[in-house]
Amino acid sequence: MLKLHPSIDNGFPPASPGFAGGTLKCKCASNPVTVRIGSQTAHNHACGCTKCWKPEGAIFAQIAVVGRDNVNVTSGAEKLQVVDPSATIQRYACRDCGTHMYGRIENTKHPFYGLDFVHTELSDETGWSPPEFAAFVSSIIESGVNPESMPEIRARLTELGLQPYDCLSPPLMDAIATHIAKQTGALPA
């Protein structure tokens, strides 16, 4: 069987009704960074971009969003560093193990400002929103995946119920376009 990501390869459970979040933990055996997520996540997806953190051997990352006011570093804050200060999403990673703990957009004019990006697979709790789609699928080629494998990869994503896109899902692309249209005056604010 084609391996995409350990949290999606064998299917995934549905979200638990009333699930209110949990704690993410980096891969350090001692003194791990922990981040409390205070609510359910949304727009969970497999991501093929080369910026997102992936566990060892994974082709895709698994990433979801949550309101930034629901993200709280509870231990190890001194170990966090921004991976690429020039990136739109400031990805905070543990400097010891390299695990990305959360990503934050600081540009208040960005359509996704106020949402943080998190890897729910770093939590021991169950009940998180499941992945809904696969984004930036073609980008896995940039990380070394053979382009000839793409039809098989897209077929496997589809088999898992994850519609493959080479951008974000249509509702997220609509949200971006709506935000821009309101900023430019093409739509009322």
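Quick reminder: no glycine exception, Cβ is built from N, Cα and C everywhere.
Features of the protein shown, as given by Swiss-Prot:
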- 19-166: domain 'CENP-V/GFA' (DOMAIN)
- CYS26, CYS28, CYS94, CYS97: Zn(2+) 1 binding site (BINDING)
- CYS47, CYS49, CYS52: Zn(2+) 2 binding site (BINDING)
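Locations of recorded Swiss-Prot features on the structure.
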| residue | record | DSSP (3 states) |
| --- | --- | --- |
| CYS26 | Zn(2+) 1 binding site | coil |
| CYS47 | Zn(2+) 2 binding site | strand |
| CYS52 | Zn(2+) 2 binding site | coil |
| CYS94 | Zn(2+) 1 binding site | strand |
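Cβ-based neighbour count (10 Å, all protein chains) for CYS28 (Zn(2+) 1 binding site) stands at 15.
CYS52 (Zn(2+) 2 binding site): 21 other CB atoms within 10 A of its CB, across all protein chains. Summary: among the binding-site residues (CYS26, CYS47, CYS94, CYS97), the fewest other C-beta atoms within 10 A of the C-beta are counted at CYS97.
Each of LYS27, PRO32, VAL33, GLY76, LYS79, ASP96, GLY98, THR99 belongs to the same chain as CYS26, CYS28, CYS94, CYS97, is absent from that list, and has a C-beta within 8 angstroms of the C-beta centroid marking the Zn(2+) 1 site. In terms of C-alpha distance, the listed binding-site residues CYS47, CYS49, CYS52 place CYS52 closest to CYS28 (Zn(2+) 1 binding site). Taking Cβ-Cβ distances under 8 Å and a sequence separation of 6 or more, the neighbours of CYS49 (Zn(2+) 2 binding site) in its chain are ALA61, ALA135, PHE136, SER139. Recorded residues CYS26 (Zn(2+) 1 binding site) and CYS52 (Zn(2+) 2 binding site) have their alpha carbons 15 Å apart, per Cα-Cα distance. Each residue in the domain 'CENP-V/GFA' (19-166) has a pLDDT score, and their mean in this model is 96. Here the C-alpha separation of CYS97 (Zn(2+) 1 binding site) and CYS52 (Zn(2+) 2 binding site) works out to 15 Å.
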